[in-house]
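This report refers to the structure that appears directly beneath it.
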């Protein structure tokens, strides 16, 4: 995961100090890209320990089209707690846009199912896109989509994915985003009869919050370790049938966790 440390170092050394919505302040750059070959290990950060359980359950929750945190709470995942209302609702966030994008004629479009079908029937399509950024509904969302749009690409029997992330909290959010979209790519590849290729991560505003500088410096002192391997139950052939128990991580030996505050 040298690529991630390079991003962090680049922002610290070359970024612009800015104010932000949360009042914390950031140092940021605009426009950056990382690439991860999914055939060379699962890109789960090793320079600090990550809570894989939260990453997997959040992705399964997105794929259900769910926008209430009850499922997450039932599975001891708290990463969305700060944004939910008193009923646990978040508004029409990621899952709703992925699975139920509202069309002007009253239909609801299942973008994930549509892309799956197109990967199988028309793998050379340049329209294998899912968007979570719906301008008509952004103001109704508890948090507008940070990871806003992703596109799939098939070549030589491998499925790759590129994510455009408009806003990236490098210390807390980005490690989760890398692992989540890498896993989604692997799951999509399996159910489409393909191998996993690359995950390409493209950023708009990539930033470190000012209250994360000390933690970032500590992480940069640590040497990356060998990437783990993600084993996925090969019997699952339907994307929407995956369960938490279908994933097994082997060989994860990270440095200790580094605590940092979330800016809401």
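Cβ from N, Cα, C; glycine included.
Its own atom aside, the Cβ of residue 207 (dUMP binding site) has 28 Cβ atoms within 10 angstroms in the protein chains shown. Mapped onto three states, the DSSP output places residue 207 (dUMP binding site) in strand. Sequence annotations record features per position, and here Swiss-Prot assigns dUMP binding site to 21, 126, 127, 166, 167, 168, 169, 177, 207, 208, 209.
The (6R)-5,10-methylene-5,6,7,8-tetrahydrofolate binding site annotation in Swiss-Prot covers 51, 169, 263 and rests on sequence analysis. Under DSSP, residue 263 ((6R)-5,10-methylene-5,6,7,8-tetrahydrofolate binding site) is assigned to coil, being neither helix nor strand in the three-state scheme.
The feature active site, nucleophile is assigned by Swiss-Prot to 146, with sequence analysis given as support. Cβ environment of residue 146 (active site, nucleophile): 165, 166, 167, 168, 169, 173, 177 lie under 8 Å away, each six or more residues apart in the same chain. Under the three-state DSSP scheme, residue 146 (active site, nucleophile) falls in the coil class.
Sequence-distant neighbours of residue 209 (dUMP binding site) (same chain, 6+ apart, CB under 8 A from its CB) are 20, 22, 24, 25, 26, 169, 171, 263. For the pair formed by residue 51 ((6R)-5,10-methylene-5,6,7,8-tetrahydrofolate binding site) and residue 127 (dUMP binding site), distance between Cα atoms is given as 33 Å, rounded to the nearest Å.
Residue 167 (dUMP binding site) carries a strand DSSP state (E or B).
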